[in-house]
Amino acid sequence: MEFTFYKYQGTGNDFVIIDNRETFFPKEDIALVAKICDRRFGVGADGLLLLENHATADFKMVYFNSDGNLSTMCGNGGRCIVHFAKFLGIISDNTTFEAVDGMHEATINNNWVSLKMNDVEKINASENHTFLNTGSPHHIEIVSDLENFDVFNNGRSIRNKIYGKEGANVNFVEKLDTAKFSVRTYERGVEDETLSCGTGVTAVAIAMFEAGKTSENTITLKTPGGKLQVRFKKKGSHYKNVYLEGPAIQVFKGIWK
Ligand SMILES: N[C@@H](CCC[C@H](N)C(=O)O)C(=O)O
């Protein structure tokens with residue numbers, strides 16, 4: 001089966017993106033998706049995205065983790081597919097598209113994409129961690145010396161011991177400044193640390209505001225792959241107008257054989 005694919009990265013969270021408007025891609029083939037995402041036997045990526053037609057919105061986003069399974073919302077993938085939609089000429093600078101967690105609005109200015117995320121209502125805060133869902137489920141823990149922290153082993157253990165088969169993504173955080181936090185994430189479905197996680201940094205920004213670690217509502221998140229920005233408005237106990245913003249870059253185009 002031969003098809004064209006595009007390789008993208010958003011702060012080092014990397015994706016294979018395929019134009020599936022003609023619905024040729026075999027979505028049920030978990031092994032094929034996993035092979036495309038394999039860094040030795042395939043293209044190599046944290047996930048695979050399909051851009052598909054939508055009856056009312058500009059397009060539909062379908063997201064698979066690198067293990068080949070369909071998953072929940074991917075914030076960095078969402079930003080990258082907006083860039084891809086513009087590259088294909090489907091949109092200009094504004095768009096509305098549907099992902100697994102509902103409709104999203106986004107704007108693009110050169111390689112900078114601002115993606116509106118879903119409102120957040122439920123936040124579970126306990127003594128040493130916070131859990132919330134920003135389209136994908138996220139566990140958040142503050143640690144010290146994040147640079148030397150063992151994200152892989154601690155993340156894997158929390159993901160499996162606390163969240164079981166369904167799992168969750170695990171974010172470790174260190175405060176750098178009034179409105180700046182450093183974040184490293186262990187992602188379920190990749191089962192490894194990734195260089196950045198969009199829904200993860202969104203969850204971290206809200207969790208830090210909720211915990212009183214910042215009083216700013218525009219927050220910079222430093223990940224190993226680069227900087228992202230999250231802004232929101234808190235109304236009562238709800239977080240609304242949540243935007244994830246940062247770069248989305250097309251890296252190369254290839255043909256899968
Ligand atoms: N990297 C993503 C998150 C992708 C989903 C996650 N692995 C899951 O299955 O929950 C992002 O940028 O949000």
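Sequential numbering from 1, following the chain as shown.
Note: Cβ is positioned from N, Cα and C throughout, glycine not excepted.
Residues or ranges marked as active site by TrEMBL: Cys74. Cys74 (active site) has a Cβ environment of 30 other Cβ atoms inside 10 Å. According to DSSP, Cys74 (active site) is assigned to coil rather than to any helix or strand.
Here TrEMBL flags Cys74 as active site, proton donor.
Cys197 (active site, proton acceptor) falls within neither a helix nor a strand when secondary structure is assigned with DSSP, and so counts as coil. Every protein chain considered, the tally of other Cβ atoms within 10 Å of the Cβ of Cys197 (active site, proton acceptor) stands at 34. Summarising the annotation, TrEMBL assigns active site, proton acceptor to Cys197.
Under the heading substrate binding site, TrEMBL lists Asn13, Asn65, Gly75, Asn76, Asn169, Glu187, Arg188, Gly198, Thr199. According to DSSP, Asn13 (substrate binding site) is assigned to a strand segment. Cβ-based neighbour count (10 Å, all protein chains) for Asn13 (substrate binding site) stands at 31.
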Alpha-carbon spacing, Asn13 (substrate binding site) to Cys197 (active site, proton acceptor), which is rounded to whole Å: 7
Candidates Cys74, Gly75, Asn169, Arg188 (recorded positions) with Cα within 10 Å of Cys197 (active site, proton acceptor): Cys74, Gly75, Asn169
Env. residues of substrate site, Cβ within 8 Å of mean position of Asn13, Asn65, Gly75, Asn76, Asn169, Glu187, Arg188, Gly198, Thr199 Cβ: Asp46, Gly47, Cys74, Gly77, Ser136, Thr185, Val190, Thr194, Cys197, Gly200
DSSP three-state assignment (helix, strand or coil) for Arg188 (substrate binding site): coil
